[in-house]
Amino acid sequence: MPSFNQSIFHPTVFFLTGIPGFEIYHAWVFIPFCCLYVIAISGNGMILFVIITESSLHEPMYYFLSMLSFMDLGLCLSTLVTMMGIFWFNVREISFDACIGQMFFIHGFTLMESSVLLAMAFDRYIAICNPLRYATILTNSTIIKVGFAIVVRVTTVVVPLLLLLKRLSFCGSHVLHHSYCFHPDVMKLSCTDTKINSAFGLAIVISTAALDSVLILLSYVPIINSVLSIASPEERKKAFGTCVSHISAVAIFYIPMISLSLVHRFGKHAPPLVHTLIANVYLLIPPVMNPIIYSVKTKQIQKAMVKVALSKII
């Protein structure tokens with residue numbers, strides 16, 4: 001294996017990492033990853049397609065679900081090329097500018113997904129706690145404004161974060177711990193002061209993903225109270241069933257994200273394999289699981305998918 005040394009390589013070139021200790025098996029190791037990518041891309045693509053084509057799904061809940069699927073698709077596609085390059089062609093080099101571009105999409109889609117999950121929590125809150133005003137509050141124009149606000153919110157925090165990263169110098173190791181560019185991973189390789197970058201990155205996490213998760217939890221306090229106050233057991237079960245998919249999506253999104261953040265901040269001495277595995281779980285599990293959860297738990301999505309499948313066969 002070559003020595004990744006500044007005297008040999010240009011300082012603005014980074015080297016991505018596959019699975020430490022399994023380099024000679026990378027072509028085989030990528031087969032399960034490839035399967036996960038296929039499931040994620042086809043599943044989210046199908047969700048988007050049925051929501052767009054089926055007029056019965058043109059409701060606020062499914063509009064937000066289509067946003068979630070779009071974010072998951074973007075997250076998968078933003079890393080697919082580098083993952084394939086590493087595992088199949090042993091192409092590990094990535095320029096600093098390309099790395100910045102990949103980080104923009106990875107962090108952008110991740111924070112957008114957090115915002116969409118919060119919007120979906122608001123949707124469930126209105127549907128259960130104030131159903132008579134649901135149609136007047138969540139109009140098409142309101143949903144468009146929410147989508148626009150999400151894009152603006154994420155752009156205004158991600159762009160400065162990456163501009164601060166561009167001012168740093170990299171004069172030591174250029175080997176990243178992941179198969180894609182991740183801001184904390186790249187920042188650690190800098191030989192200049194990164195206190196501002198670290199503080200700004202922490203502020204972004206607190207003001208976006210952390211705040212969103214707290215608001216989602218708080219939204220479920222009145223939701224659960226409203227569900228428990230329903231007299232009919234069947235109606236209570238039906239009302240709670242509409243929240244199960246969202247709760248599952250929140251769990252599979254935030255648990256890997258929190259785990260990866262903790263490893264980067266406190267797992268400096270953890271084996272490289274731990275960093276890599278958690279990073280890949282964070283990247284692939286939500287896009288893979290969200291379509292499965294919503295297609296299994298949501299009857300309207302099931303019916304739409306069956307209808308589309310039958311129309312293709314016939």
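Positions of Cβ are set from backbone N, Cα and C atoms, glycine also.
As annotated by TrEMBL, transmembrane segment applies to 25-51, 63-88, 100-122, 143-165, 196-218, 239-257, 277-296. Residues or ranges marked as domain 'G-protein coupled receptors family 1 profile' by TrEMBL: 43-294.
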Do any residues, 6 or more residues outside the transmembrane segment (100-122), come within under 8 Å Cβ-to-Cβ of it, and if so which ones?
61, 64-65, 67-68, 71-72, 74-75, 78-79, 82, 94, 146, 150-151, 153-155, 157-159, 161-162, 165-166, 180-183, 186, 204, 208-209, 212-213, 215-216, 219-220, 246, 249-250, 253, 257, 283, 286
Selected stretch (most C-beta pairs under 8 A with the transmembrane segment (196-218)) from 63-88, 239-257, 277-296:
239-257
Please report, as numbers and ranges, the same-chain residues at least 6 past the borders of the transmembrane segment (239-257) whose CB is under 8 Å from any CB of it.
68, 110, 113-114, 117, 120-121, 124, 127-128, 209, 213, 216, 220, 223, 226-227, 230, 278, 281-282, 285-286, 289-290, 293-294, 297-298
Taking all residues of the domain 'G-protein coupled receptors family 1 profile' (43-294) together, what is their mean pLDDT?
91
